[in-house]
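This report concerns only the one structure given below.
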């Protein structure tokens, strides 16, 4: 078998197959997020009425969704793709937390294929470019330099001393990395595409080493995503041939894609669209929501989550709860926090919990008490 010919002729289908495979992988690693069987973390629906349905309905929909994904791995067809997108939409409507950045990428991948299958490989390249550009932009802040780069990567994972990791020059170097990521995203649309992909392959390998058991052993749900992005880069380096003639045939599709990849993230800056639409990956400005627990809950023996004391009350970190139980982070925006608080109170009417929100730079004066 001539693999080069196979990949060139079926390039679009291989992108779909790889996406479907890692979509299943993501759900396997975050299965409690999708299943109702053992989940205690509140569901925050996009549509409140959907909350009234029996949870077993969504378990059946999940099963159907996985079957469609398996069919796509075997032989991609429009019918299976539509099946995946429809069932995925229902699952996401039932819980905002399911719209993780990786899931959003997968949904866009299949949707872009349906726009115009012939030119899908070009649309997908635009998607990859947007992911790296937006991800790089979100890291250009002191929160990333101080906490993601300085504390998590250098000090906690690599064991660099605090004197070095906290030095202004060291932190400044940390801001060079997102600039390089941003530039690589731009170069994906140029004749220097291969060099950009080589850099991105190296970046994902380093990220895997940092997050894997060889490093921090943390956030395992994104390990396969990094592997998948490496595979996509290799495919584009070896089997992609560009021709700008496709632009003339895709004016409507390009307009729609630009609205999705540029318009929605810009609206997100003004809190007019969901934060998930902007590919904020390790941006460093996470806000931490906490809920109070009574002493009867005995956090020392029962809670695996980070606890803090504020105004003589003990609070648990909701982000840690999400990661511990569901293996995904929560959605870092105000509307999600408000939805979570509402659902938590509905699930625990016997309690009178207090909620606080700690935002960058995480000082006591930045703590906000939330009442609703």
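The chain as shown is numbered from 1 upward.
Glycine residues also receive a Cβ, built from the backbone N, Cα and C atoms like all the rest.
Looking at the stretches 56-74, 151-169, the one that TrEMBL records under the feature transmembrane segment is 56-74.
Given the ranges 101-119, 120-138, the record in TrEMBL names 120-138 as transmembrane segment. By number of Cβ pairs under 8 Å, the transmembrane segment (120-138) is matched best by 252-270 from the list 14-35, 196-216, 252-270. Same-chain residues lying 6 or more positions outside the transmembrane segment (196-216) and placing a CB less than 8 Å from one of its CB atoms are 132, 152-153, 156-158, 180-181, 183-185, 187-188, 190, 222-223, 226-227, 229-230, 233-234, 236-237. Of the ranges 80-99, 172-189, 222-240, 252-270, the one with the most Cβ pairs under 8 Å to the transmembrane segment (14-35) is 222-240. Residues 16-17, 20-21, 23-24, 27, 34-37, 80-81, 83-84, 87-88, 90-91, 94 of the same chain, all 6+ positions outside the transmembrane segment (56-74), place their C-beta atoms under 8 angstroms from a C-beta of that stretch.
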